[in-house]
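Copied over from TrEMBL:
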- 12-29: transmembrane segment (TRANSMEM)
- 50-70: transmembrane segment (TRANSMEM)
- 82-105: transmembrane segment (TRANSMEM)
- 126-151: transmembrane segment (TRANSMEM)
- 157-176: transmembrane segment (TRANSMEM)
- 237-256: transmembrane segment (TRANSMEM)
- 277-302: transmembrane segment (TRANSMEM)
- 322-346: transmembrane segment (TRANSMEM)
- 384-404: transmembrane segment (TRANSMEM)
- 416-435: transmembrane segment (TRANSMEM)
- 442-463: transmembrane segment (TRANSMEM)
- 520-541: transmembrane segment (TRANSMEM)
Amino acid sequence: MDHRAYLGASDYAVIGITLLIPTIIGLKFRSKKKRDATSKEYLLAGKDMSIFPVIMSITVTMISGISMLGQPAEIYRYGLQVSLLCIGFPVGTILSSYIFLPVYFQCDVSTSYEFLEMRYGKIARLTISGLFLAQMILFMSVVLYAPVLALSAVTDLSLEASIIIFGLVCSFYCAVGGLKAVIWTDVFQASLILLTLIVLYIKGIGEAGGISEIYRKSAESQRLNIFEFKEDFVKRYTFINVLLRGIIGGMAYYGVSQIEVQRMLSLKSLNRAKSALNWSIIPATSFLALCMFLGLMLYAIFDTCDPVKDKMHTGVQKYDQIVPYYIVSRFSSIPGLTGLCVAGIFSGSLSTLSSALNSLSAVTVFDLIKPLYKSRVSETRMVYIAKILSLCYGIICICLTFVISRVDSLVAINNTLLSVVEGPVFAVFCIAVLSRKGSEKCILFGLLSGVLITAWVGCGIQISGYYYPALLLDASGCPKPVNGTDFFQNLNACNNLTQCLSTSLPSIKNEPFFLYKISFLWLPSLGFFTTLCAVFIAVILTGWRHNAIPVTSECLSPVTRFWIKVARSEIEKKELSKDLEEKIQLTAL
């Protein structure tokens, strides 16, 4: 039975307009004076962006289609504890603005990875740039595919056509307009995302019976578990692992990843960059919280009839399809409103995708091509190369999305992919700006150790298939089949009766290795601390006093220089007091 809703002409018109506007923005910001165009003008917006659009760009780059579909589903199934990310991320953001941002402006770099060459050497820069390129190419495919998959399952949107159209439009305006077009398009897409969330809340709160009823049902089902302090490495979400994931994730994303650093570097001064990053906490946390609390609202609506358990009537196969299902089941009778909500979900993905494309182009130009050819390539030609790279990366992303479509677990791939690189690379940057010690060889040894161990555990978690059980979901209020038609329709999906019955029987599995049972939220912390320990051991073995940079080095964070200054002044005071005591003793004799 086909349960999908069919979009009307008005819905397609709304989606078309929301794709046309970014295209117009891209054409508006294309370089009019081609001879005067430079790579910094194209990839860093000439360092003359105003603060407001950068704030909105920082905000929506974090909110992808995965966030709009996946976060409500996680709250719906596991409760409110994951919302502690709304505390951890702001803490990580503030720390990044004082620890990492000043270093990039002191060193006058174009990418965060260019700083690594100044601190360690070319090999460190090339290695981490390569890791970033590989990570982002795969990540972009997941970001594009996730909303397309969810929406095509409950609407008549063509999976293949949606991937190609949305991917090409994003690649076009990103390639034509550069960072300015991406940032201003993010502002437009932020308004679409906000409008979509407002529409969902206006309809949903009324249908759920009001905020008090949402609270009551959430409390009764134990979904208000935000301050549950029972710690367990196996449990999917705990107070410590969510908070730690938020802090490390916030610092790694806003302080290290080129996607966000590039936005801060588009501003003229450090003070403006700090202001933009810190002010972005308010809208970013608000957007994230709205996406998350949507899960509680949906639970209050479906508390007695879970759409996934009632898949014979709803057609919902996975929990990340609940938001699209709610949209098409409630708004299909209102012309254009379903199209607006669909466009809002895609806007989340396009904002992240365009930012990733632009950062990939920037890293390739500044970290790979320019150091190789130095001044042999003119700035005009470099801009052409950057534009071609944006288009090529977009096409690669589209092609890879069709490959990703063959894989079962998108969320698992996304989490493992980000965690494998995020923790170890973040550790390298922390050592670089907070410590005077460490050579390039020590850093590369630590990075390799962190990546390999995190990849091993992450892949083991996915292969083992172990997962922590979700909170209870009820289907007692679902409509009951009048006759056996539904049973036999469902039976046709199986080859025979034995196969259908066997799916309901629990399978006996061997107990997985204990590390394969830990929550995926521990993976970034595992990579971070593994890299720190490996670098520390390497530094001890190769000589603690070797390769120490001066205290006055611009590669050190102001925080580090401050603490070194305080420590030295304390040592000097102790030495002075000791000298005075010796003089007093000599005088007494």
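Quick reminder: no glycine exception, Cβ is built from N, Cα and C everywhere.
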Leading stretch by Cβ pairs under 8 Å, where the reference is the transmembrane segment (12-29) and the options are 82-105, 126-151, 157-176, 277-302, 416-435
157-176
For the transmembrane segment (442-463), I need the partner stretch with the highest count of C-beta pairs below 8 angstroms, choosing only from 157-176, 277-302, 416-435.
416-435
Under 8 Å, at least 3 Cβ pairs, sequence separation 6 or more: does that hold for the transmembrane segment (82-105) versus the transmembrane segment (237-256)?
yes
Let me check one thing: do the transmembrane segment (237-256) and the transmembrane segment (416-435) come into contact, meaning three or more Cβ pairs under 8 Å with sequence separation of at least 6?
yes
In the same chain, residues at least 6 away from the ends of the transmembrane segment (416-435) whose Cβ sits under 8 Å of its Cβ atoms read 99-100, 103, 112, 115-116, 119-120, 124, 128, 131-132, 135, 138-139, 142, 248-249, 251-253, 255-256, 443, 446-447, 449-451, 454-455, 458-459, 461-462, 520, 523-532, 535, 555-557, 559-560
Might you confirm whether the transmembrane segment (520-541) is in contact with the transmembrane segment (322-346), defined here as three or more C-beta pairs under 8 A between residues 6 or more apart in sequence?
no
Remote residues contacting the transmembrane segment (126-151) - C-beta distance under 8 A, at least 6 residues beyond either end:
64-66, 68-70, 111, 113, 116, 157, 159, 162-163, 166-167, 257-259, 318, 320-321, 323-324, 342, 345-346, 348-349, 352-353, 356-357, 359-360, 363-364, 367-368, 393, 396-398, 400-401, 403-405, 410, 413-414, 417-418, 420-421, 425, 428, 444, 447, 451
Residues outside the transmembrane segment (50-70) whose C-beta sits under 8 Å from one of its C-beta atoms, at least 6 past its ends, are 142-143, 146-147, 150, 182-184, 186-187, 189-190, 193, 196, 253-254, 259-260, 263-264, 266-267, 272, 275-277, 279-280, 283-284, 287-288, 291, 320-321, 323-324, 344-349, 351-352, 355, 410-411, 414
